[in-house]
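Working notes for the structure below.
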Amino acid sequence: MKTWLKIVFGVATSAVLALLVMCIVLRPSRVHNSEESTTRALTLKDILNGTFSYKTFFPNWISGQEYLHQSTDNNVVFYNIETGESYTILSNTTMKSVNASNYGLSPDRQFAYLESDYSKLWRYSYTATYHIYDLTNGEFIRRNELPRPIQYLCWSPVGSKLAYVYQNNIYLKQRPEDPPFQITYNGKENKIFNGIPDWVYEEEMLATKYALWWSPNGKFLAYAEFNDTEIPVIAYSYYGDEQYPRTINIPYPKAGAKNPVVRIFIIDATYPEHIGPREVPVPAMIASSDYYFSWLTWVTDDRICLQWLKRIQNVSVLSTCDFREDWQTWNCPKTQEHIEESRTGWAGGFFVSTPVFSHDTISYYKIFSDKDGYKHIHYIRDTVENAIQITSGKWEAINIFRVTQDSLFYSSNEFEGYPGRRNIYRISIGSHSPSKKCITCHLRKKRCQYYTASFSDYAKYYALVCYGPGLPISTLHDGRTDQEIKILEDNKELENALKNIQLPKEEIKKLKVDDITLWYKMILPPQFDKSKKYPLLIQVYGGPCSQSVRSIFAVSWISYLASKEGIVIALVDGRGTAFQGDKLLYAVYRKLGVYEVEDQITAVRKFIEMGFIDEKRIAIWGWSYGGYVSSLALASGTGLFKCGIAVAPVSSWEYYASIYTERFMGLPTKDDNLKHYKNSTVMARAEYFRNVDYLLIHGTADDNVHFQNSAQIAKALVNAQVDFQAMWYSDQNHGLSGLSTKHLYTHMTHFLKQCFSLSD
């Protein structure tokens, strides 16, 4: 349930008064023309057509100084930063000949796969057809062509070996024209998954479409096997156009249910026919009860690191294993196990962080909580207890991008104390005396406060991608001097288009409530006048480890509501949200549905005190976890909200996936946390919806938060004789895409305008 990362149409939070400290107006004035006579407000059509969407530029690095990029006319172009050389490596004609939408160059640069017939499955997974193009001869390889559709395909890190997954089994090709070698034979739809995750691991643990990993030089291939044979199945109808609907069946472990059985195997990719796959042992302290595999990291061709979690996800074990040539097995001694345990919540953030190994192939860097409860980078050589803390402070390290022999590159929200910012830092390591440098803090400071980065081999060069708060911009930099080499994308066309638009104003501030800090973003109408009264819409996600109040650029549905309809929008990061320390993050542990809701209500009361909110016109809306929070807020009995919208909400945690739910709630058993599972349902509050206008929305083919959730809410409301509105989208999943998107936002707009008594 990571909808907060994907909602395209959200972003907003609140504004203007004492009690609140530290304000920054996010949207730069350069994209706002104050001459109202020549500008217009945003329209809903602008949003639905993506008129003001921005571009980013991520180089597809193929060496320390070379990268590929797909041009606007669909040519794949090669660039050498140091020589200035540039040429088309794959023409749009070649791409079009097989209707390719994606490509992948082999490391030896002799071949490229072209991907077509994309067919989406779940959040990350899809199937596709793959054609192999011989770049030397300028033709497609016809001998021993790949089967179709393929579930996953990848090149080895060196040369041009291919590994792919077809019908849940793994195959290997030494060369693209060679016949395939079948590695696994037990793959079976919805039963045994080899090299690809099942639904719950894809969505809630790995966050990828693959579960196979090449060793650094392609000597070995590691893969996961997921056995879903005993997992309960969720079944729902897909109506299509046929006389009878078909039934979709997905092995889906809900809270407390039987989980998949996972095993990790490694096979010699050079001589796979001589020695079969070898299983990697699970640490004894993990294997003694239900457990999860959380990630795999190759260190060298003969050393691998695996991470495991207990089912109650407060204990993680990192196990380093070495290949024994004499026995042709993988040895994982207990002395090479490192335990990470949380006594106040779950292990890690949303996921347990992965290690980044240093050049000695023994020690590594990893992000986990320090003694003060903030997530920071630590250096581990022998034991976690003896870890050396690399970063510290009342802020958090977010991601380690790259470790070289003399530098460590990472992102954090340290600069100026704003949790919703991201800057890129370099720390010197190795023989140099440690020193820290912020690479991005003072680059285009007004425009850019939220960065990510993409590094070439050995961090020789890197691209910075700024997401806001001003217009996004992508730039190329020298990895040794940090000097900007060139602008890759500056969104100049978007800048010119926005000169004629009355954009809303955005502010980020914070509320102090008792000993809690609530950061919020408020989106204000262009001609905002604090002496007037405005309707207020709260946009909420609120799930554990999420963050809504970020310094990023977006022209979205809520931008339109502020610009055209004169609605004030607010987003609030309350307890349970991320990157502000464990005290705030773990406050919701085993108590979902309590503090997230309380903090939204508290913020609304503070906004009313500011004097410009019409307290008779306040609404709340959210999607997924946000739909759950908005539903509970509406049913809180406070009388604050006139109306609200819940899109694809969870209604009971017993209905949601085991890995996600149990991470934050424990098990739904009498001797664990069943009582709160029962007390935290939306249905238990059905009577309290009587005095609000409630719009309930769901897709009937939602594989993530099943339609069952909204069906149970509707049943409870009917049984309580509570009037409400509902909209379902046939055959639509959790994202409600395509034509459903336009219908959804049009429908929600009408609902809000009616609630707020706004004219059409």
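Positions of Cβ are set from backbone N, Cα and C atoms, glycine also.
Reviewing C545, C755, the cysteine that Swiss-Prot connects to C643 via a disulfide bond turns out to be C755. Counting other Cβ atoms within 10 Å of each Cβ, the lowest count among the disulfide-bonded residues C321, C438, C448, C466, C643 belongs to C438.
In sequence order, the recorded positions near H734 (active site, charge relay system) (Cα within 10 Å of its Cα) are S624, D702, drawn from C441, C448, C466, S624, D702, C755. Note on the coiled coil (481-512): mean pLDDT across this stretch is 98. C332 (disulfide bond) sits 42 Å from C466 (disulfide bond), counting Cα to Cα.
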